[in-house]
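Below is one structure, written out as structure tokens; comments come after it.
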2 protein chains.
Amino acid sequence: MAGSLPVSPLAPARFPDLPVIAGVEFSAVAAGVRYPGRTDVMLARLAPGSTVAGVFTRSATRSAPVLDCQAKLAVESAGTTGAAILVNSGNSNAFTGSAGEGSVQAICEAVSAAAGVPQERVFTSSTGVIGERLPHDRITAKVGELVSALAADGIEKAARAIMTTDTFPKGAEATVETSAGPVRIAGIAKGSGMIAPDMATMLVYIFTDAAVPQPVLQSMLSSLTDVTFNAITVDSDTSTSDTLLLAATGQSGAAITEADSADGRAFSEALHGVMLDLAKQVVRDGEGASKFVEVQVTGAVNDGDAKKVAMAIANSPLIKTAIAGEDPNWGRVVMAVGKSGAEADRDRLSIRFGDILVAENGWVAGSYNEAAGATYMKQSELVIGVDLGLGSGSFTAWTCDLTHGYISINADYRS
Amino acid sequence: MAGSLPVSPLAPARFPDLPVIAGVEFSAVAAGVRYPGRTDVMLARLAPGSTVAGVFTRSATRSAPVLDCQAKLAVESAGTTGAAILVNSGNSNAFTGSAGEGSVQAICEAVSAAAGVPQERVFTSSTGVIGERLPHDRITAKVGELVSALAADGIEKAARAIMTTDTFPKGAEATVETSAGPVRIAGIAKGSGMIAPDMATMLVYIFTDAAVPQPVLQSMLSSLTDVTFNAITVDSDTSTSDTLLLAATGQSGAAITEADSADGRAFSEALHGVMLDLAKQVVRDGEGASKFVEVQVTGAVNDGDAKKVAMAIANSPLIKTAIAGEDPNWGRVVMAVGKSGAEADRDRLSIRFGDILVAENGWVAGSYNEAAGATYMKQSELVIGVDLGLGSGSFTAWTCDLTHGYISINADYRS
């Protein structure tokens, strides 16, 4: 399956030029976990002094690697030692009983020995099929090779090694000017199905050369996740393996000690940009996607209600199929507002497709022209705007359409 | 669109023989609301002495007919006068501003005058496209014809007139022996898309010749809705028009004055059977459905948690596409349990496909054979069983698969 799909029509033109982050090296290898003839394991090694923050799936059946990362991050670390991140694609090591925990342990031991970092600072992720034993010996056999190949400019190779049904590798970057000089951020992500909100979505690794204490790093990461990875959805299904790790090597010499400072705000804004860019790329590679859709909800009684409406729209199969069919079916938007559970008043609600006012005052807008709506829907990037007219709550979500491609990919992914 | 779809492969062999319910007459007419060349309006007239109970969508953008029915049922009626139910297909009269309320008023006035029932006892429903003005004059022009054609054996015609993307008319019946003699129940339903739980789903009309006080009728209807129409889902989208009406004419002479009596329990059990039969027929006519799926969840800490798990499975696009692909992808069931929000423990969970034990003790079952799983999935009726191993909470839900047919139907239904 993987590799045989055409590249998403919504893909960026090319993988971006990502800056080297001093203190991080990357490598990738073909270990044959599941996919033949391609790289499927990546390693990132972080220099001593790096801090690491993480956000994970809240699934009750989360995978062994997720549970292991959470346990390790629960123990605060000043980052005086180095750290490592190893990720494999092709097998999620989820719902594999105690054998799953054994696999994580074996991989962490091998990485610790070969990369020279303490085992409690080795973080792993696995993505792919659920419920099949991870052949971890194929991975541990390649750990020496991975360590030998580590290179500061290896991040694109790492991005490619973690793909499953992804049709393109995902990267994003930013440079921030702080009072102590420039700080760089580079991140990679994977994901195209089993993508749903309320979780750190799929696998995302972000690196910076800023010096950020772990509690500050964790706090920034958690709050920005709510408006980036927790604001996207492909199919409303939530993975057992979602993992988002952010590592700060400190090697730029620029310290960000407080979130609420000029440098802290500048860094947070740049980090937000990188996270949102990666999150949108995940949507652009949504399984079978042909349209990229931004859902802007305003005028709700509070932000929570705005999110309910945005997600009801973004997850509605009827809206997503209408978009696939280029049908300006705004009645289905009314339906989604109604079912969302948010406070709504038919007569104060307004709906826009891009700049086109479609409905207001409880009915279709007098100025609305169906032909203009139909022309708008032919675009590959769409904005659905809903103003509830009740208050100042707002939320923006991103999603893609639901096409025959999604059915084809998922009706025979595993078999 | 309507009428051009092939009949669902899951359809019953034929429309059932429904008993005549003394005190109810039916008719149907082709009014040309939207669909040419077919009946699209039905009328049911209830004799004096009938009581009526209802359950409706909780959508915040519910339609004008729903709001009107709710207002009328909020005023308790002893049922000394007659009553009438008029339903049109092709246009839902939802999100049509004050014009929508005017249309309901016009139809109720015409029916009241022609059928000889008070206007406050005329209930209407509309199903079809959202946001377009209902051409109610086409309906009022036919009300005289509808009244003239009323007949005690007209229920199948009524069932056909309310179809939209339905591929077969839906009916069910029961006869109950009470201490005062036999009582009959007959019901009809429509629905195949925009079907989601937590509501009375789409349009359902059930009639009985039992004599049941309105509060008793309403109480029975509400509690049985939770385990029938609120336990099905086609696509997780909830209509603005869902309406379930139950009318008791009393003309059998058998009175059911209390739910908690031998006769009350017998009647409730029969009513449950009719409601569940109709609910399952709605799923069997789910847009694009090729498989009928029962999801049985047991061992939850409580019934609420069991319902969360059942609905997470029944609404998961990844599970529904796997079923369409006849793929025994039980890992996706694990995913859905995990995302449901219910309490779950990987190591106490077990999963069955029919009688086949698939997973237990946190992993695939030792006895599980993938070939047997794949063979099972080829059946058109499937049972997915999940036992959480934590308590005695249980819930059963019904759904269908997600196929290319759903995409085709919904990518161009309106245009």
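Cβ coordinates are placed from backbone N, Cα and C, and glycine is handled just like the others.
What TrEMBL lists as active site, nucleophile is A:Thr201. Feature annotation from TrEMBL assigns substrate binding site to A:Thr164, A:Lys190, A:Thr201, A:Glu287, A:Asn410, A:Ser415.
This view paints the features noted in TrEMBL onto the structure.
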{"residue": "A:Thr164", "record": "substrate binding site", "DSSP class": "coil"}
{"residue": "A:Lys190", "record": "substrate binding site", "DSSP class": "strand"}
{"residue": "A:Glu287", "record": "substrate binding site", "DSSP class": "coil"}
{"residue": "A:Asn410", "record": "substrate binding site", "DSSP class": "helix"}
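Using a Cβ-Cβ cut-off of under 8 Å to chain B, the binding-site residues A:Thr164, A:Lys190, A:Glu287, A:Asn410 reduce to A:Asn410. Highest local Cβ density among the binding-site residues A:Thr164, A:Asn410 belongs to A:Asn410, counted as other Cβ atoms within 10 Å over all protein chains shown. Of all the Cβ atoms in the protein chains shown, 29 others lie within 10 Å of the Cβ of A:Glu287 (substrate binding site). A 10 Å cutoff on Cβ-Cβ distances gives A:Lys190 (substrate binding site) a total of 27 other Cβ atoms nearby, all chains included.
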